[in-house]
Amino acid sequence: MTKRFVDYDFDRSLGFWNLLNKSPGVWFQNKKKADNAEGLWRIHDGLYDVTNFIQLHPGGKFWLEETKGMDVTEFFESHHVRSDKPEKMLKRFYVREAKGPRLSKYTFADNGFYRTLKRRVREVLKTIPEDRDDFSKFWCDVMVLTTFIFACSANYYSMYTLAFLAGFFSSLSLTATHNFIHQKDNWRMYYADVMLFPSRDARIFHAISHHMYTNTVADIQFIAGKPFIDHLPGPKSFIKKYLSWIYTPLLLWPILFYLTQLLSTLEYFVTKKRRGLEACLTFTVPFAMYIFGRQPLGTTLWMWQIIIVVYSFFFSIVALALNHAHPDIFVDGDLTRSEAEWDWGINQLDTSQDRTSANSYKLVVLLSFGDHGLHHLFPSLDHSILHDLYPVLEETLKEFNLNSIRMNTYSDLLMGYFKRMKMELPNLDPNSLGYIKK
């Protein structure tokens, strides 16, 4: 019998008619209700009130405002890496002990894998120049500018080849922007709004849900495709098991960003929470195409749809199919490690695999979710830094008798994405890392 890392029940019955439950805002509401943090912030077994610190938070007020009423243990642990000052400051805001155990069973023992690694990473970070992230900033700006140039040119010359390139570079732009979604409030994160993925939604959907509860029923990114895309073990129809190989890439991937916009719109009717001025950024690309492309509005909008479809397809491959869904990667319902090894860091690596070619150059890392295991361990660190952390990661893995991160090829991971959808029985040996054989 398999055990679960999280006891969040609200996600298990997600289906087509429960579409709204897959929206970031509604997921937030459901999680807060389940966590029962009494309108405060829960970290481990304590309740804290950081209301008066929101405006002073170095990472920006979003992360504190939006998570009020939630268990933020995983987020607090993984986003305060450079210094132990946040842990010391936290004592000032203590209110009382929380009622009941956490619904998340992940552990952060002081002598465990993750905290041991974090202390070592902290020392490495002191040796890295502060301007290292200029590389990521520059190339992110270049990708977005290139997208606009190709989009406007496609409309001006009425060339589908240029529209295809605009879509491809849109995918690269959002992948690069993803780096800034995880960091403190910054203006580059709004590139996501330009690229049809609301930055607020991306932070909830991806940075909080997916990164903290990877491949579990609490990972809304992982299970958002149900009932059409289902990687969890359990009974599946012939259509799910075999026709998903056809309808997923041909029908679902090309409409990804239509769906994100639909969810964002429908969510308002439940949460009544309006999007800010960043919502206007959604129309930046077609507006530029119309102004500089000198084509009728109808022609401009049609060319924009071509760009969106191409963009959705390429981004879906890189973001959804190449990192977390594979028969050898742990998903909720598979056999877990022993409870003594429910360390959050170990399980982040069990739910991820890397691609050798994606880890080869800094630019490739930025544009293809490279160094993915390390990114999941330390999501707020700039991608340009991650490569420097491999020596201490390898040292810590060896110390805990764990193998190096499993590397794979693009083709095997892509095929594994579809093979996972066929699986009905849980994987009884799912640990991606494995143990060092003695």
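In case you wondered, yes, glycine gets a Cβ from its N, Cα and C as well.
Curation does not apply to TrEMBL; its annotations are automatic.
Quick look at what TrEMBL lists:
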DOMAIN    29-99  domain 'Cytochrome b5 heme-binding'
TRANSMEM  138-157  transmembrane segment
TRANSMEM  242-264  transmembrane segment
TRANSMEM  276-293  transmembrane segment
TRANSMEM  300-322  transmembrane segment
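Along the domain 'Cytochrome b5 heme-binding' (29-99), the predicted structure has mean pLDDT 94. Tertiary neighbourhood of the transmembrane segment (300-322): same-chain residues 151, 154-155, 158, 160, 163-164, 166-168, 170-171, 174-175, 195-196, 249, 252-258, 285-286, 289-290, 293, 355, 368-369, 410, 413-414, 417, selected by CB-CB distance under 8 Å and a gap of 6+ residues from either end. Tertiary neighbourhood of the transmembrane segment (276-293): same-chain residues 147-148, 151-156, 170, 190, 193-194, 196, 198-200, 261, 300-301, 303-304, 307, selected by CB-CB distance under 8 Å and a gap of 6+ residues from either end. Residue counts for the domain 'Cytochrome b5 heme-binding' (29-99) under DSSP, helix first, then strand, then coil, are 35 helix, 11 strand, 25 coil.
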